[in-house]
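Have a look at the structure below before the remarks.
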Amino acid sequence: MAAPGALRRQRGRGRAALPASPARRGRGRAAPGAMAAYLTHQQKVLRLYKKSLRHLESWCIHRDKYRYFAVLLRDRFDKNKDLKDMVKATELLKAGEEEFWASQHPQPYIFPDSPGGTSYERYELYKIPEWSLDFWHPSEKAMYPDYFAKREQWKKLQRESWEREIKQLQEETPADGPRTEALPPARKEGHLPPMWWHHVTRPREQPM
Amino acid sequence: MDLLLVLNLTALLTLATLSTPIIFPLLSENLKNTPTTITNTVKTSFLISLIPMTIYIYSGTESLISLWEWKFIMNFKIPISLKMDLYSLTFFPIALFVSWSILQFATWYMASDPYITKFFTYLLFFLIAMLILIVANNLFVLFIGWEGVGIMSFLLISWWHGRAEANTAALQAVLYNRVGDVGLILCMAWLASTMNTWEIQQLSSPSQTPMLPLLGLILAAAGKSAQFGLHPWLPAAMEGPTPVSALLHSSTMVVAGIFLLIRTHPLFNNNQTALTLCLCLGAISTLFAATCALTQNDIKKIIAFSTSSQLGLMMVTIGLNLPQLAFLHISTHAFFKAMLFLCSGSIIHSLNGEQDIRKMGGLQKMLPTTTSCLTIGNLALMGTPFLAGFYSKDQIIESLSTSYLNSWALVLTLLATSFTAVYTIRMTVLVQSGFTRIPPLAPINENNPAVTSPITRLAMGSIVAGFLITSFILPPKTPPMTMPLSIKITALTVTALGIILALELSKVAQTLILTKQTPLSNFSTSLGYFNPLMHRFNTTQSLKGGQNIASHLIDLSWYKLLGPEGLANLQTLAAKTMTTFHSGLIKAYLGSFALSILIILISTH
């Protein structure tokens, strides 16, 4: 039911196997650990394993029972881990996915902050953008004098570095669009990373 | 001392005290509301409302206050009249006591919310609308309260309106309530045209009341009180914060439908068909909701389905022609259901937002007060002898068993009672006992008195309320006193069977057998497949029908077929027929001349 080499750590790297990206630099090149367009067989098997463990957790409420069946499940995956024939491995994966579909839990456990959870997006309405600070009344701004004193300098810095950030992004993105959502770091001395203002002024996850 | 004057004054003073946090900030800039002031206002209101209740219990004084009349047509009176009778005078202190506890709890639960004062103001508006509904003497004032609680329910369910599910749930609540409102307006229209009044006093008719207004009232109650068919909004309403669920969707708003039926009870008295309809609808609702609650894993959804089931039981009581018993069940249910919600809110906040009972366990040692009160509430819900729920629930089942009505409804209700025991014990076992499954680093504490005192206060209420209310308020007609022992202990037996079943199932859940999906468990988990069937099918059919009417009926038929294209079709038809005659042969033309001359000769002769 498992794939070859899926659960075995690859030598030389600290994490699971990655799609082999051609050696290119910058935003067009997928950095180690980035997402590529297609999933490898190992990634698919690992996703199936994690899904089935989570649904097993939804079925087996008590931890000792869950641990028993989780060990049995791991053994089922481990039995086929040295399979070299890709055709057979794909067939096993397909059978595994079908078995998962048939025995999934109708109300799987979803973490509260995950999509579909009970407190997902709950505080979205309190996340207002930072430019609303410019519209505060002077009496309100006087309550935080040190912040607003430095704020103008920060805004000036952002205006100055914007052109350089955009230039860096335009140079590094390949012609048919970016390969990954990850933003590159600053390349030159004295430059700031692209879109740093967007990251620094992001709203907090939960209101105070 | 004129008791009537004191009664009227204190009752009106209760309502006036509640409206001070709304009026005073409008009068002056300095008088701002805070959550604490609103809580204290409700507490004061509760203490004031004890006076008219005491007067009523000790002297039986009832009153009818007529405040103003809307003279809008000459021959139809719409007075703003309020009735202080058993139902309103007893429900006032109960609703205010429960609201006070919930508001005190909400000062802790919603402490991190930036707009907490707005939240409390919404709750206060809701409370005022609910009390207007309770105290109304005519259907006009009741309708004002009815719509008021509907609107506040919408605003409060979608409190966190950044969440898509909360907005959907609020819309669902409004739409289902609107369907019910159609029934209420139908009944009001029928009453206005036939009896020329909306007053509750003038409602009884000597002969059998026709079905139409009664069907309207039953539809209104089904919409507001989440009976089967119009029930999906109640579990969805759990998207709102826990104080909202505790106040609106367990103790006060959802009983408004049943309260309407209690108020308009004289109309139902002589129509046995309507009563049987209530009975069967209630029986189906209580069993369906109890079935759905069996496999839910969200603690708030379990309690929501439990509420829906108890509302079905209240509808059954209405169907048995026992409105005062239904009111007793409303009163006792308010206490323990609100307490269950507050306990679940305390648990949820302590576990950092975790609502799934699969990730709770062993909380008995970590949250002793909360779990003790949860146990008391669950016991009261199951109808444990001499707690609050027993006095109403046991009497209902006894009356149902000894009446000569529908025995199918009886079987369904008994089955639902045992299911109540099953899901209650399941919830207790998974939440409180066993080894803990909670995520680490949870801020578990009960140190805040704003949490423990409302819950313990409501626990006291859950224990003594049933006893107190039945001691002081006698039933209007004698309940069945003599019955065989087996009938007398039916409710207790099925509850005990349910408890045993639940304990056995929880033991099975700990053995090393892997559970799979079965058709029955799937039915229960997907809530009877009701939501996708109704929500998708009805809406797609309506929209498709509307599209067909708009495009085919109007555009195609009226504009084209009956207009230019139709005429053109007719003309081409005529032209095609005529062209066959244009053959070009002289003999045919000579023949047609001869035919026309012959016709002229014959006609002129």
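Using the three backbone atoms N, Cα and C, a Cβ is placed for every residue, glycine included.
Automatic prediction, not curation, is the source of TrEMBL annotations.
According to TrEMBL, the domain 'NADH-Ubiquinone oxidoreductase (complex I) chain 5 N-terminal' annotation covers B:70-120.
If you look up TrEMBL, you'll see B:136-418 marked as domain 'NADH:quinone oxidoreductase/Mrp antiporter transmembrane'.
Taken from TrEMBL, the feature domain 'NADH dehydrogenase subunit 5 C-terminal' applies to B:423-602.
For B:1-16, the entry in TrEMBL reads signal peptide.
Below 8 angstroms of C-beta separation, residues 3-4, 6-8, 10-14, 17-18, 81-86, 89-90, 92-93, 96-97, 99-100, 137, 201, 472-473 of the same chain, each at least six residues beyond the ends of the transmembrane segment (B:45-65), sit close to that stretch. Among the features that TrEMBL reports, transmembrane segment is placed at B:45-65 (among others).
Taken from TrEMBL, the feature transmembrane segment applies to B:115-136 (among others).
If you look up TrEMBL, you'll see B:212-230 (among others) marked as transmembrane segment.
Annotation comment: TrEMBL describes B:242-262 (among others) as transmembrane segment.
Sequence-distant contacts of the transmembrane segment (B:274-296) (same chain, at least 6 residues past either end, Cβ-Cβ under 8 Å): 209, 211, 214-215, 218, 222, 226-229, 231, 235, 261, 268, 302, 305-306, 308-321, 405-406, 408-410, 412-413, 415-416, 419-420, 422-423, 426, 521, 523-525, 527-528. For B:274-296 (among others), the entry in TrEMBL reads transmembrane segment.
Per TrEMBL, the feature transmembrane segment maps to B:302-322 (among others).
Positions annotated as transmembrane segment by TrEMBL: B:334-351 (among others).
Counting only same-chain residues 6+ beyond the ends of the transmembrane segment (B:371-392), those with a CB under 8 A from a CB of the stretch are 306, 310, 325, 328-329, 331-333, 335-337, 339-340, 343-344, 347, 363-364, 417, 420-421, 424-425, 427-428, 431-432, 455-456, 458-459, 461-467, 469-470, 491-492, 495, 498-499. Feature annotation from TrEMBL assigns transmembrane segment to B:371-392 (among others).
Feature annotation from TrEMBL assigns transmembrane segment to B:404-425 (among others). Sequence-distant contacts of the transmembrane segment (B:404-425) (same chain, six or more residues past either end, CB-CB distance under 8 Å): 276, 279-280, 282-284, 286-287, 289-291, 293-294, 296, 302, 305-306, 309, 312-313, 316, 319-320, 378, 381-383, 393, 397, 490-491, 494-499, 501-503, 505-506.
Summarising the annotation, TrEMBL assigns transmembrane segment to B:455-473 (among others). Within its own chain, the transmembrane segment (B:455-473) has Cβ neighbours under 8 Å at 57, 86, 90, 94, 97-98, 101, 105, 324, 328, 331-332, 335-336, 338-339, 342-343, 346, 369-370, 372-373, 376-377, 380, 386-392, counting only residues six or more beyond its boundaries.
Taken from TrEMBL, the feature transmembrane segment covers B:485-503 (among others). If one looks beyond the transmembrane segment (B:485-503) by at least 6 residues along the same chain, the residues whose Cβ comes under 8 Å of a Cβ in the stretch are 382-385, 393-394, 397-398, 401-402, 414-415, 417-426, 429.
Positions annotated as transmembrane segment by TrEMBL: B:586-604 (among others).
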Task = Taking the transmembrane segment (B:334-351) as the first stretch and the transmembrane segment (B:242-262) as the second, find out whether 3 or more Cβ pairs fall under 8 Å, excluding pairs closer than 6 in sequence.
result = yes
Ask   = Are there residues at least 6 beyond the ends of the transmembrane segment (B:212-230) whose Cβ is under 8 Å from a Cβ of it, and what are they?
value = 146, 150, 176-187, 190-191, 253-258, 260-261, 264, 267-268, 271, 274, 277-278, 281-282, 284-285, 288-289, 307-308, 311-312, 314-315
Ask   = Taking all residues of the domain 'NADH-Ubiquinone oxidoreductase (complex I) chain 5 N-terminal' (B:70-120) together, what is their mean pLDDT?
value = 93
Task = Please work out the helix, strand and coil residue numbers for the domain 'NADH-Ubiquinone oxidoreductase (complex I) chain 5 N-terminal' (B:70-120) from the DSSP assignment.
result = 29 helix, 13 strand, 9 coil
